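TrEMBL has this to say about the protein:
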type	residues	note
TRANSMEM	A:37-54	transmembrane segment
TRANSMEM	A:66-85	transmembrane segment
TRANSMEM	A:115-138	transmembrane segment
TRANSMEM	A:144-163	transmembrane segment
TRANSMEM	A:201-219	transmembrane segment
TRANSMEM	A:250-270	transmembrane segment
TRANSMEM	A:282-314	transmembrane segment
TRANSMEM	A:334-359	transmembrane segment
Amino acid sequence: MQHDLVKAADPGHAAISDVAENKEQTFAARVFASQPFWVTIALIALVVIMAINEPSFGTVENAANVTRNFAPIGIMAMGMTVVIITGGIDLSVGSVMGLVAIVAGLFLTWHYPWYLAFAMGMIAGIACGAVNGFFVAYVGMPSFVVTLGMLSIARSLAVVFSANQMLYQFGPDAPIVRAIGQAKWPLRAPAGWAPQWMPELSSHFWVMVGLALIVGYVFNSKAWGRHLFAIGGNEQAARLTGVPVDWIKFQAYVFSAFTASLASLLLLGYNGSAINAMGQGYELRVIAATVIGGANLMGGAGTAFGAFIGSAFLEVIRNALLMAGIDSNWQGAFVGAFIILAVLLGMQTGGKAIVAAILERLLPKKHR
Amino acid sequence: MTDPVSQSNSRNGLVLSLRGISKSFGAVSALTKIDLDVHAGEVVALVGDNGAGKSTLVKILAGVHLPDSGTITFCGEIVVLDDPAASLRLGIATVFQDLALCENLDVVANIFLGRELDPWRLDEVAMEIRAWTLLNELSARIPSVREPVASLSGGQRQTVAIARSLLLEPKLILLDEPTAALGVAQTAEVLDLIERVRDRGLAVVMISHNMEDVRAVADRIVVLRLGRNNGIFHPDASNQELVSAITGASNNAVSRRAERRQGSREHSGEPRP
């Protein structure tokens with residue numbers, strides 16, 4: 001399952017998964033049994049249907065919009081996947097975004113250079129992650145409780161630091177900050193070389209893709225990634241074999257906070273302003289994206305590709321409903337239904353168990 | 001009570017020697033002055049009733065608990081096993097009863113968990129080759145080393161756990177209830193495996209409740225009772241003798257049951273050579 005990322009994110013690497021898996025279960029069987037595969041199929045189907053029926057959906061502008069909109073969720077879903085693989089959860093990511101934006105925004109309003117402001121924001125975010133990680137890994141508290149507390153603390157600090165004001169007078173480095181958040185590549189004529197059919201993809205999207213490739217590589221090729229899965233599968237076993245369980249769990253929460261900080265700084269640049277409400281409710285969207293992408297809340301399973309495709313799927317549903325002119329209040333119902341459906345499909349052996357169960361219902365054994 | 005120790009002493013080198021090991025948890029003394037010798041190429045079965053102190057003894061050897069008193073001599077040197085890593089370094093490998101496998105990882109990942117080859121860029125090919133070599137040396141029947149452990153049978157999991165313990169080339173391997181929860185065929189497979197491990201010249205200490213298994217594979221049977229040594233037996237000792245040593249009474253529930261069923265020729269009357 002963690003092999004899917006390489007295949008999808010970098011076509012040049014497809015051969016590796018093929019070679020590595022050729023002995024046993026065929027590569028195809030493995031793909032068919034994976035939840036991200038079915039979600040990808042659903043996503044492609046949704047995009048095709050929408051593109052045919054709704055001319056405004058299939059435009060390059062909309063493609064650029066959608067990819068930019070889901071990128072922050074996708075970036076945080078990478079961190080969330082790491083935490084969920086260890087069997088934990090991080091509810092604080094949305095609040096950490098708010099705190100990071102306010103801290104970075106304050107330093108910008110005080111006319112510090114952009115890199116210092118970004119660094120201070122990053123430090124604030126990573127500090128939140130370190131507190132989460134310390135209490136979960138070394139004190140042994142449930143991650144739900146610790147990160148729920150941090151959700152409240154970080155948001156409160158953001159409100160206090162900002163004096164409940166929006167920060168937008170960013171001093172001399174404001175153009176740089178905005179350039180980072182609003183950058184696009186590849187550019188179309190006249191500024192660039194890209195043909196008219198190619199969407200101008202945002203910096204957010206490229207950061208997410210880069211992060212997904214790194215996370216996918218770590219999951220597949222580093223002992224650290226292997227240990228994450230081991231901790232989620234059987235923490236006691238990992239401990240007995242000498243895996244530094246506490247240290248790795250600590251790092252997982254720090255990484256999750258790091259991804260939240262990254263997403264926050266990109267959004268800060270895009271908006272050109274910082275509000276303490278940034279990221280409110282994002283934790284649930286991130287968790288939903290991660291779970292749709294095949295991460296198991298019990299730990300031990302998850303992929304970077306799944307996190308990517310899950311967040312893309314959520315945003316495309318949202319966008320499609322909007323484009324189809326359906327009352328936006330229906331969004332929640334659709335998204336919720338898809339969360340349940342995706343996890344249902346991913347249960348046990350991917351779609352097979354469900355398909356078998358349905359067949360069993362429709363065609364009881366005595367009739368076959 | 002016979003003393004077969006002298007026989008096996010001459011055969012092979014002494015790997016492990018415990019003298020006067022005691023351990024108490026609060027007011028409860030789990031072990032009192034335990035002596036135990038294990039030689040290379042020998043399977044020693046550790047038997048005893050629930051609460052006899054078998055698991056505590058294994059945990060002391062695995063470095064999970066420190067004994068309160070007594071000495072542990074390993075390969076001729078007095079050692080202190082103050083954490084699991086210390087035991088592993090010396091060459092004492094432990095296969096715990098719950099096997100400590102990660103069901104979501106494949107066989108290779110489980111065998112190499114915590115000691116991956118080239119942790120910065122996992123060398124999957126080398127690990128897979130080494131895993132196959134280990135499993136082949138044990139003549140283990142594993143359909144695929146790239147399947148998650150969750151899809152293996154109990155016997156195959158036990159095989160994986162034992163193969164993993166052999167990765168660091170230990171001198172002594174501790175097996176905690178290796179045949180519990182296994183079917184008949186799988187039990188036979190694991191017993192074969194234990195014999196092959198012994199034939200490689202390793203010392204094996206095996207805890208078991210199952211007298212059949214113990215007798216099938218052990219070279220010596222060490223009985224613990226209430227945390228004390230209660231006799232060392234040959235595998236051909238009669239069931240009656242073993243059960244008396246384990247329960248501490250010749251007139252016990254097992255013997256009464258045996259008499260009642262009048263199965264004395266099958267159950268208790270095995271002639272001694």
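A Cβ is built for glycine as well, from the same backbone N, Cα and C atoms used for every other residue.
Long-range contacts of the transmembrane segment (A:201-219) within the same chain: residues 2, 5-6, 9-10, 64, 67-68, 71-72, 74-75, 78, 81-82, 180-186, 225, 228-229, 259, 262-263, 266-267, 270, 303-305, 307-308, each at least 6 residues beyond the stretch ends and with a Cβ under 8 Å from a Cβ of the stretch.
Listed by sequence, the residues of this chain that lie at least six past the ends of the transmembrane segment (A:250-270) yet keep a Cβ under 8 A from its Cβ atoms are 68, 71-73, 75-76, 78-80, 82-83, 85-86, 88, 90, 92-94, 96-98, 100-101, 104-105, 118, 121-122, 124-126, 128-130, 132-134, 136-138, 143, 147, 177-182, 202-204, 207, 211, 224, 228, 278-279.
Counted as Cβ pairs under 8 Å, contacts with the transmembrane segment (A:66-85) are highest for A:282-314 among A:37-54, A:115-138, A:282-314.
Using a Cβ-Cβ cut-off under 8 Å and counting only residues 6 or more beyond its ends in the same chain, the transmembrane segment (A:115-138) has close neighbours at 88, 90, 92, 95-97, 99-101, 103-108, 146-147, 150, 153-154, 173, 177, 245-247, 249-258, 260-262, 264-265, 268.
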